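A.B. asks: Sharing a structure with you now.
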Amino acid sequence: MSRRRVTLLGSTGSIGTQGLEVIAAHPDRFEVSALAGGGNIALLAEQAARFRPGVVAAASGSADELRAAVRSALEATGATGATGYEPEVIVGPEAATEVAGRDVDVVLNGITGAIGLRPTLAALRAGATLALANKESLIIGGPLVHDLAGPDQIVPVDSEHSAIAQCLRGGRSGEVRRLVVTASGGPFRGRSRDQLAEVTPSEALAHPNFAMGRVITTNSATLVNKGLEVIEAHLLFDIPFERIDTVVHPQQQIHSMVEFHDGSTIAQMGPPRMLVPIALGLSWPERLEDVDEPCDWTQVQSWDFAPIDDEAFPAVRLARQVGAAGGTHPAVYNAANEVAVDAFHDGALSFVGIVDTVAAVVERHDDARFDAHSVDGVMAADAWARETAAKIVSG
Ligand SMILES: NC(=O)C1=CN([C@@H]2O[C@H](COP(=O)(O)OP(=O)(O)OC[C@H]3O[C@@H](n4cnc5c(N)ncnc54)[C@H](OP(=O)(O)O)[C@@H]3O)[C@@H](O)[C@H]2O)C=CC1
Ligand SMILES: CC(=O)[C@@H](O)[C@H](O)COP(=O)(O)O
Ligand SMILES: [Mn+2]
C-alpha cells in the first residue's frame, strides 16, 4: 500500500483522536493532509503542531485565534520557527466541507450529526475514499450519497458495519440471507418504560463499553443508535429491512454477523474498541499489523444474547418504519432526535421524552414537501424537524 494522505474531519472528537493514534502508529502508511475540528481550538492546534497538515480548519473561532494557537502549540513542542510550519487556516461553518475534497486519498468523517452531510458529499465528489463514522450523513442523505458513491468508495467505520463488511470481504454477497446487528442494550438494558422515567443525563452517559461523544452515547442509551444503524446497514449493504435483525449482546465482543443461505453464520469478534474499525477505514482492503489486542480465549467468559425490548425502547421499531418509508423520513427522525437529546441534557425533556418527541415529529412530517434528492431539500426537512421538535419540547 502506498502512503495515503488522510484528512480527519472531527479530529478533536473520540473518532478523530483515535484516528490520529492509528496514523501515529503507522507513519510509513499515512500522512495527514488536513485536520478539521469544531470549537476545541486548543486541541486542534496541538494536533496540527504534532501532525503538520497543510490545512487546519475549525467550525468556530477566528482564523487569527487558530493561527496563534498553532504557533503556541508549536512553541510548546520546542520546535518554534525553526521548522517554518505555517498551515493554511480555514474557519467557519463550511470549513470542513471546504477541506474534505482537497489533496486527499482518504477522508475520515468523524463529525457528529447532520452537519456531516455536506463534508461527506464533498469527499465523495472529490473521489476520495470515505472512511465513514458519521453515520448520520449516509442516513439522512441516502439517495444523494448513493448516487455519488462509487463501488467500495465508502468504508464503514461504525463497528457493526465494519464487522459486516469484514464478514462479506471477498464477495459472495448474493449468498447472504440476513444481517444481524448486535447492540449493547445501553446502560438501561433490562429496565421497563416506567423504570426509565427518572433516569438522569449522567446515567445515560455511562455507556457499558465505549467512551464516545455525548450524542452517540445518549443514542446508545435510547437505542436510537441501533435504529440509525439498522438504516445504515440497509443503505450500505443493500439488504431489505426484513432481512436485518438486531440482537442485544451486552459484552460487545461480537460486533455483528452475517447469516448465509446455507445456514452458516460468520461473526466478527474483538474487544469493544474502535481502533480496528478505524484502521480498516484508513487502510481498506488491507489490514495493518498489531492495531489492537484480540479476544483472550484463555479466559473463562460467557456471552449473552437477547432480543430488544421494543416496548421500553421503541427507537429501533420506529427507525425501521422511517427507513422503509425512505425519502426525507430518516432525516426527520435524526434531526428530531438531535434536538431531543440536547433538550434532555438541558433538563427540558425526560429520557423517555426523547423517543416520544421523535415519534411525534415523524408523525407530523409531510414527505411530499421536501426533495430527498437535493441537499437543500434534505436540509429543509432537517430544519423543519428541528423547529417542530423544539416546539414540542417547549410545550
Ligand atoms: N466514538 C465512537 O466510538 C463512535 C462514533 N461513531 C460516530 O462517529 C461520529 C463522531 O462521534 P464521536 O467521535 O463519538 O463524537 P465526538 O462528540 O467525540 O466528536 C465530534 C467531533 O465533531 C467535531 N465537530 C463538531 N461540529 C463540527 C463542525 N461543524 N465541523 C467540523 N467538526 C465539527 C467536534 O469538534 P470539537 O470537539 O472541536 O467541537 C469533534 O471533533 C458520530 O457520527 C458517531 O455516531 C460511530 C461509531 C463509534
Ligand atoms: C462503537 C460503536 O460502533 C457504537 O455505535 C457502539 O456500537 C454503540 O453500541 P450500542 O449502540 O450497541 O450501545
Ligand atoms: Mn456502532
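Each residue's number is its place along the chain shown, starting with 1.
Placement of Cβ uses the backbone N, Cα and C atoms for every residue, glycine included.
Not my notes, these are from TrEMBL:
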type: DOMAIN; residues: 6-142; note: domain '1-deoxy-D-xylulose 5-phosphate reductoisomerase N-terminal'
type: BINDING; residues: Thr12, Gly13, Ser14, Ile15, Gly38, Asn40, Asn134, Glu136, Gly213; note: NADPH binding site
type: BINDING; residues: Lys135, Ser159, Glu160, Ser184, His207, Ser220, Asn225, Lys226, Glu229; note: 1-deoxy-D-xylulose 5-phosphate binding site
type: DOMAIN; residues: 154-237; note: domain '1-deoxy-D-xylulose 5-phosphate reductoisomerase C-terminal'
type: BINDING; residues: Asp158, Glu160, Glu229; note: Mn(2+) binding site
type: DOMAIN; residues: 269-387; note: domain 'DXP reductoisomerase C-terminal'
A.B. asks: Taking the Cβ of Lys135 (1-deoxy-D-xylulose 5-phosphate binding site) as the reference point, list residues of the same chain whose Cβ is under 8 angstroms away and which are at least six residues distant in sequence.
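C.D. replies: Expected: Asp158, His161, Leu228, Glu229, Glu232.
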A.B. asks: For the recorded Mn(2+) site, enumerate neighbouring residues of the same chain (Cβ within 8 Å of the Cβ centroid of Asp158, Glu160, Glu229, site residues themselves excluded), in sequence order.
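C.D. replies: Neighbours found: Lys135, Pro156, Ser159, His161, Val181, Asn225, Lys226, Leu228, Glu232, Ala233, Ser256.
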A.B. asks: Of the binding-site residues Glu160, His207, Asn225, Glu229, which ones put their CB under 6 Å from ligand 1?
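C.D. replies: Near ligand 1: none of them.
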A.B. asks: Which of the binding-site residues Thr12, Ser14, Gly38, Asn134, Gly213 has its Cα nearest to the Cα of His207 (1-deoxy-D-xylulose 5-phosphate binding site)?
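C.D. replies: For His207 (1-deoxy-D-xylulose 5-phosphate binding site), the closest Cα among Thr12, Ser14, Gly38, Asn134, Gly213 is found at Gly213.
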A.B. asks: In DSSP terms, helix, strand or coil for Glu160 (1-deoxy-D-xylulose 5-phosphate binding site)?
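C.D. replies: In three-state terms, Glu160 (1-deoxy-D-xylulose 5-phosphate binding site) counts as helix.
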A.B. asks: Take the C-alpha atoms of Asn134 (NADPH binding site) and Asn225 (1-deoxy-D-xylulose 5-phosphate binding site) and report the distance between them in angstrom, rounded.
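C.D. replies: Counting only the Cα atoms, the answer is 12 Å.
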A.B. asks: Ligand 2: which of the binding-site residues Thr12, Lys135, Asp158 have a Cβ closer than 6 angstroms to it?
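C.D. replies: Cβ < 6 Å from ligand 2, in sequence order: Asp158.
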